[in-house]
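The structure under discussion appears below in the form of structure tokens.
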Amino acid sequence: MEQDAEDIPVVYLHDIKRQYTQGEATLTILDGAKLALWAGQSVALVAPSGSGKSTLLHIAGLLEHPDEGEVYVGGAATSALTDAERTQIRRTDIGFVYQSHRLLPEFTALENVMMPQMIRGLKRSETVSRAKEILAYLGLADRITHRPAELSGGEQQRVAIARAVANAPRVLFADEPTGNLDPHTADHVFQALMQLVRATRVAMLIATHNMELAGRMDRRVSLENGVVVELE
């Protein structure tokens, strides 16, 4: 009997362990961590600096390998995949937003959003249409010809969000996406992210120190002694 796609997490981390060597010491960052991310659900990852938030995001997003455990994407295990296969999943199923927008300075907002689609091999006409649609949806229709230096901090982050969802990913990871923004601008960027979750049913995991924004998300989790714990 086939399992309904709605019953399968978009991403599931199972017994993830990750250690780093520092001199003669071994630091255990993740120690049996488990986490399920579901379609259309926003999850806040709230934990102190150095607790492993970025490591968890990188492993979940297939940017880093765990020492032990398994990452499932759409119900499929990824540990045995080649680097090329992992890269393909990142291009099609996963989007990333960082604290720094990481936009290419020589390209316009439109061109930055077109880039991941062109790398994927889509026709230019398709990439232009899709990029314009997303930028307009995020309130940037009149800024598409501007380069990053000509945009405000909030506009830069919204372009970064548009780029992250350009290939219609199934999951979006954001590492302190509002960390460099003032409270008013941070709220606008957060609303843009939540708007996309509701409209596209993408699963979203945000690492954040902003407890007010975290409180407006569907779930809140933290990291304690290398494991994921649910917060009230």
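Placement of Cβ uses the backbone N, Cα and C atoms for every residue, glycine included.
The domain 'ABC transporter' annotation in Swiss-Prot covers 11-231 and is backed by sequence analysis. Residues or ranges marked as ATP binding site in Swiss-Prot (evidence: sequence analysis): Ala47, Pro48, Ser49, Gly50, Ser51, Gly52, Lys53, Ser54.
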Local backbone state of Ser54 (ATP binding site), from DSSP in three classes: helix
CB contacts for Lys53 (ATP binding site) [other CB atoms within 10 A, all chains]: 23
Predicted model, mean pLDDT over the domain 'ABC transporter' (11-231): 93
For Gly52 (ATP binding site), the number of other Cβ atoms found within 10 Å of its own Cβ: 26
Around the Cβ of Ser51 (ATP binding site), the count of other Cβ atoms that are within 10 Å: 19
Fewest Cβ neighbours within 10 Å, where candidates are the binding-site residues Ser49, Ser54: Ser49
Extra residues within 8 Å (Cβ to Cβ centroid of Ala47, Pro48, Ser49, Gly50, Ser51, Gly52, Lys53, Ser54), ATP: Ala207, Leu223
